[in-house]
C-alpha cells in the first residue's frame, strides 16, 4: 500500500527543475510577445495552475487573453494561428473552434511546451482565486491533484474537448471530497512541511 511519504516523494519527482521552469517561463514570454503584437491592449494571463505548480511536466500551459476586444473568438484564434505560423515559433498548431470554449493548441518550438489559449473567459480570474485559496487551505490538494492528473493522462482522459476531465473540474471534485470527508484527510506533518516548498 502506498503511504503518504511515497506520495510526497512522487510529487517532488514531478516538480519541475529550475531549468525546466526557466524554459517554460521563456516560452510564455515568447508567446505573450506574439499575442501583444496582434492585440497591444489585451491582457494575456497564465492560468493559476501553472503559477502554483499544479501541473505535470507534460501539461499544457493554459493562457487566457483578456480585454482583447474580439467579438468572435474563432476570428482571434485564426489570427493567432497565422502569426504563429509566420514567425515559426510553434508547431502542431490546431484551432478547436467548435468547443464550448474555443481554443488554439500548439507546441512552442524552442521549449517543447504545449499551449492552450482561449479568449475572454469571464470566470478565469475567479477560478484562479478559488484555486489559490483552496491550495492554501488544503495542503493535501496538490498531491491528490497531481496523482489523479497522471492517472487521467495515462488513459487519455485529461482533455475536455475529447470528453475528458479538465484541471479545474478535477480540482473542484477533489475540493468537494476534502469538504465532505474531513476525517479521511491525510494528516501527516510531512504534508504540512511540504506545503512551504510547493507554494511559490
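Cβ coordinates come from backbone N, Cα and C, glycine included.
Summarising the annotation, TrEMBL assigns domain 'Poly(A) RNA polymerase mitochondrial-like central palm' to 6-131.
Residues or ranges marked as transmembrane segment in TrEMBL: 165-185.
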Same-chain residues at least 6 beyond the ends of the transmembrane segment (165-185) with a Cβ under 8 Å from one of its Cβ atoms are 47, 49, 54-55, 59, 62, 127, 131, 134, 138, 140-141, 144-145, 148-149, 152, 157-159
For the domain 'Poly(A) RNA polymerase mitochondrial-like central palm' (6-131), how many residues does DSSP put in helix, in strand and in coil? 57 helix, 29 strand, 40 coil
